[in-house]
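J.: The domain 'Helicase ATP-binding' annotation in Swiss-Prot covers 26-183. According to Swiss-Prot, the ATP binding site annotation covers Gly39, Val40, Thr41, Gly42, Ser43, Gly44, Lys45, Thr46, on the basis of sequence analysis. Feature annotation from Swiss-Prot assigns motif 'Beta-hairpin' to 92-115. Residues or ranges marked as domain 'Helicase C-terminal' by Swiss-Prot: 431-593. Taken from Swiss-Prot, the feature domain 'UVR' covers 629-664, and the record attributes it to sequence analysis.
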Amino acid sequence: MSKVFKLHSEFKPGGDQPTAIASLCEGLEDGLAHQTLLGVTGSGKTFTIANVIANLNRPTMVLAPNKTLAAQLYSEMKEFFPENAVEYFVSYYDYYQPEAYVPSSDTFIEKDASVNEHIEQMRLSATKALLERKDVIVVSSVSAIYGLGDPDSYLKMMLHLSNGMIIDQRAILRRLADLQYTRNDQAFQRGTFRVRGEVIDIFPAESDDYALRVELFDEEVERLSLFDPLTGQIHYNVPRFTVYPKTHYVTPRERILDAMEKIKQELAERRKVLLANDKLVEEQRVTQRTQFDLEMMNELGYCSGIENYSRYLSGRGPGEPPPTLFDYLPADGLLVIDESHVTIPQIGGMYKGDRSRKETLVEYGFRLPSALDNRPLRFEEFEALAPQTIYVSATPGKYELEKSGNDIVEQVVRPTGLLDPVVEVRPVATQVDDLLSEIRIRAAKNERVLVTTLTKRMAEDLTEYLEEHGERVRYLHSDIDTVERVEIIRDLRLGEFDVLVGINLLREGLDMPEVSLVAILDADKEGFLRSERSLIQTIGRAARNLEGKAILYGDKITDSMAKAIGETERRREKQQQFNLEHGIVPKGLNKKIGDILKIGQPTQGRNKKGHKAVDTHEDYPLLSTAELEKEIQRLETEMYQHAKDLEFEKAAQTRDKLQTLRAQFIANS
């Protein structure tokens with residue numbers, strides 16, 4: 001079989017990686033349903049998985065616990081497989097308020113959402129790649145278990161065009177309207193088309209850098225070509241092209257009509273039940289809402305909140321699982337669950353939270369009972385749909401270990417030869433003063449420190465205390481949004497400050513080679529934040545530095561501490577032994593600071609000649625006050641655009657330049 005995946009990397013597998021790759025591939029070829037890759041922090045788990053994918057040549061879905069880690073994985077996979085289809089599938093909502101009803105105050109909260117168009121395009125691109133290609137890697141969040149349009153309807157709605165095809169122009173326009181494309185002869189953007197004589201330009205919904213030109217001669221397709229929608233420059237001609245629907249929820253007309261009849265039947269039955277129970281207000285509500293939705297579906301082919309009728313639109317029975325991204329994944333697909341100790345419990349918890357909200361809406365007449373089938377997968381449904389699975393974690397959970405049995409592949413030895421941090425236990429009584437002296441030692445060597453506390457109050461007090469003693473310190477907490485969190489991490493790595501204080505610093509899987517010390521305060525207080533798994537994860541934050549060290553402050557050694565210290569020592573001994581046998585000298589990591597969060601953006605390729613914020617203050621010439629003001633306005637616009645496009649690193653860089661220019665502006669004023 002020819003290789004469809006081409007792995008590009010300057011590195012070759014090292015340490016435990018070759019053994020892990022061979023074991024995982026062998027297990028998958030032998031038909032094992034569940035395997036666990038127990039890889040320590042910094043051991044190159046992503047590179048191992050990339051090698052497994054390249055060796056097996058199977059379409060793969062990688063599940064991550066949140067958007068930040070999904071973006072990090074997407075960025076890494078893009079670098080490993082530049083010639084293959086690496087796609088990104090996460091929730092496309094920048095902001096989402098689901099519809100809800102609070103009976104105690106008789107408050108109905110209307111659904112409100114802000115859709116990120118670029119992520120919507122990436123989602124459509126992901127499903128298109130899964131339907132068209134074998135060399136696909138989709139990096140997804142738990143958004144993958146939520147309802148999506150039915151793949152059968154989606155496939156039936158596609159518009160196939162080819163050179164020499166006999167088709168009337170009006171028929172093409174009608175089909176585009178069925179696919180929910182809109183005609184716009186002025187603003188040509190994603191999901192629109194324009195008509196000029198016998199030429200139809202279509203901007204595919206899943207594309208970010210090309211559009212299709214259809215040239216007709218009478219009723220024959222004379223030429224199909226792809227062109228740049230911005231400049232109009234023709235890239236090349238194509239013999240055929242498939243136009244995919246603008247949304248995953250597009251449905252053939254006959255199925256919509258059939259669904260409408262079933263919705264009317266359900267409405268009639270529901271009205272009888274409500275009237276029999278003297279629920280007159282609820283009966284009036286559900287009748288009014290449903291009839292309005294039916295009218296919209298009849299006229300436009302869709303309505304606001306059409307996903308609540310997904311049971312009828314997908315032709316599934318009551319209680320059956322909704323169609324999801326897993327329905328698009330081929331039967332021979334592979335599933336990789338990253339940070340499985342977090343992701344698996346997340347998958348299990350989604351259904352119940354969604355269900356309780358919808359039951360209230362149904363009970364009070366805001367939705368028909370069939371809306372309950374617009375839901376995420378139950379955990380047992382997820383298990384039934386999941387193909388062969390590899391769980392990846394430094395601290396696998398009970399579920400993964402039980403499912404994998406003896407099929408646990410350890411990746412303890414790092415290719416760089418780096419050892420797990422040295423762990424010390426020190427008394428609580430002097431923890432703050434002891435920490436202060438350790439911070440000063442690290443700051444003098446230009447190294448960074450992570451400090452984790454148990455409570456928000458303690459984190460705030462500690463930050464204030466360290467600031468009073470002249471230390472450069474910042475505080476990371478749950479109220480900080482994703483953009484600012486990435487900025488703080490970047491500033492720590494750049495040396496803008498030396499100490500980062502937080503409560504749950506293991507959450508983001510932070511990769512920071514500059515961190516040489518992790519301090520865990522009140523380590524002897526048993527609980528979620530001081531469990532064996534949490535301690536191992538937190539200790540691992542210092543595992544990417546040659547001088548890595550973890551200090552646990554506690555007056556007694558709890559079971560969790562003993563297990564975490566024991567496991568760290570076991571790994572450290574194994575790593576030292578391997579280095580000794582193979583003559584390896586540990587090397588520090590030199591990770592680029594722009595790597596924390598970088599999603600491929602639609603403007604990257606095309607704007608190379610456009611405005612680019614420069615890297616240093618010296619690059620700015622001595623501008624007049626008016627010119628400075630103009631430049632500040634331009635950079636502000638650029639910064640907000642980067643943030644909107646999820647280019648958090650670029651937004652932070654532009655912010656830094658803005659601060660420099662503002663200081664210059666004030667000095668000149």
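Cβ from N, Cα, C; glycine included.
In terms of burial and nearby residues, how do these features look in this structure?
T.: Note on the domain 'Helicase ATP-binding' (26-183): mean pLDDT across this stretch is 91.
DSSP classifies Gly44 (ATP binding site) as coil under the three-state reduction.
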J.: Give residue numbers and ranges for long-range contacts of the motif 'Beta-hairpin' (92-115): same chain, 6 or more residues beyond its ends, CB-CB under 8 A.
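T.: Same-chain contacts beyond the ends: 123, 304-305, 357, 360-361, 364, 366.
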J.: Can you name the residues of this chain that are 6 or more positions from Gly44 (ATP binding site) yet have a C-beta less than 8 Å from its C-beta?
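T.: The list for Gly44 (ATP binding site) reads Pro13, Gly15, Gln17, Gln411, Arg414, Pro415, given in order along the sequence.
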J.: For the binding-site residues Thr41, Thr46, work out the Cβ neighbour count at 10 Å and name the residue with the minimum.
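T.: With the binding-site residues Thr41, Thr46, fewest surrounding Cβ atoms within 10 Å: Thr46.
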J.: Quick one: of Gly42, Ser43, which of the binding-site residues has the smallest count of other CB atoms within 10 A?
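T.: Gly42, out of the binding-site residues Gly42, Ser43, has the fewest neighbouring Cβ atoms within 10 Å.
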J.: Tell me the Cβ contacts of Gly39 (ATP binding site) under 8 Å, same chain only and six or more apart in sequence, or just say none.
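T.: Same-chain residues close to Gly39 (ATP binding site) (Cβ under 8 Å, separated by 6 or more) are Asp16, Ala20, Lys45, Thr48, Val392, Ser393, Ala394, Glu410, Gln411, Val412.
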J.: Could you put numbers on the helix, strand and coil content of the domain 'UVR' (629-664), residue by residue per DSSP?
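T.: Final tally across the stretch: 33 helix, 0 strand, 3 coil.
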J.: Take the Cβ of Val40 (ATP binding site) and count every other Cβ within 10 Å, whichever protein chain it belongs to.
T.: 27
